[in-house]
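Notes follow once the structure below has been shown.
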Amino acid sequence: MADYTVDSELFDTLWDTLKVVLESTVTALVLYGLYVNLFLLSLYILSHRNTAGTKILIAASCLMAIAGTTQIALTVAYTAVEIDFLRQVVHSDITVDDPTKAFSLTKYKLWTSLTTAQGTAFIVNYFVTCCIFLYRCYVVWGCRLEPIVLPALLSLSTAVIGGITCVASWDSITWERTACILAVATNLCLTAFTAGRIFWVQRLASALPSLDKSTSRRYNLAITVILESGAITLAVTIGMVIGEFLNVQLLAITRGFAQQLMNIIPTFTLVYVGLKNMADDSEAALESNTSVRCTQAAGGVSLRRRSRASFLKSVSNEQDPNATEGRV
């Protein structure tokens, strides 16, 4: 066996890169495990709903699940290639001044293909998630197209520019930054349009004396969920923007978060709101049944009282013949 010393500069560079990749992969795997449970629960809830748009939500949820699973498979494969590359460098006499030999060790075409496939799956997943949020905004605005034109253009622009960065053969760092900034604008626009519309409708409805507490609670719940999910998405997207400009490690970690958070957030919204509505419906049904039983019980008591009074009156008439004669 030949003796040689691994180039320390090359090893440190590859080791730092591998650590970032592993951190991103572990983050994505943990969140993917959470997402799978939420996805199965959302399918159960949606399958028990008979409202309009349920089939669209089920189809969109399945598309997100396919895209999320594809992403996690590509991420694991990419991590395996990075580990194998480091192993080959350790077992070969390569210096930092000889990158051609280093690239010849790894299956460079495979590495490039995995990188492109990862980016493409990420963009497809992002666009499917945006379509769900656009559909929610469309429904909230009474199925009007005008309010969703701007967020639709922003999300489409983000997807197109992101797709260009995936297949670009040139240095596309500027395009990547542009895509991240557009993603921030899309999130802000969708959150403001959807939550603002619900808040305005709630304000108008609160002036009605017939508005019950359960309806008011549902308005507040919808606004809270939209704002919280929008804030989480915004934080992750801003983290990606900062990573694009300043810190590669932060970019990799936030991408690991973003991979599955873009699926977790809409799915969690479906599960949370669905369970809340099921609980409210069960409570309303219980109150209705209780009211019916109380009404039936009160009617039965009243009927028994009338029957008892009629019986006593007839008995008293039989015992008092003068009363009968007087009536005649």
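Every residue gets a Cβ built from N, Cα and C, even glycine.
TrEMBL entries are annotated by machine, without manual review.
These come from TrEMBL:
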TRANSMEM  20-44  transmembrane segment
TRANSMEM  56-81  transmembrane segment
TRANSMEM  120-141  transmembrane segment
TRANSMEM  148-170  transmembrane segment
TRANSMEM  182-200  transmembrane segment
TRANSMEM  221-242  transmembrane segment
TRANSMEM  257-275  transmembrane segment
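The recorded stretches the transmembrane segment (56-81) and the transmembrane segment (221-242) do not share 3+ CB pairs below 8 A when only pairs 6 or more apart in sequence are counted, and are therefore not in contact.
Packing against the transmembrane segment (148-170) from elsewhere in the chain are residues 116, 119-120, 122-123, 126-127, 130-131, 133-134, 137-138, 141, 176, 178-179, 182-183, 185-186, 189-190, 193: each is 6 or more residues past its ends and has a CB under 8 Å from a CB in it.
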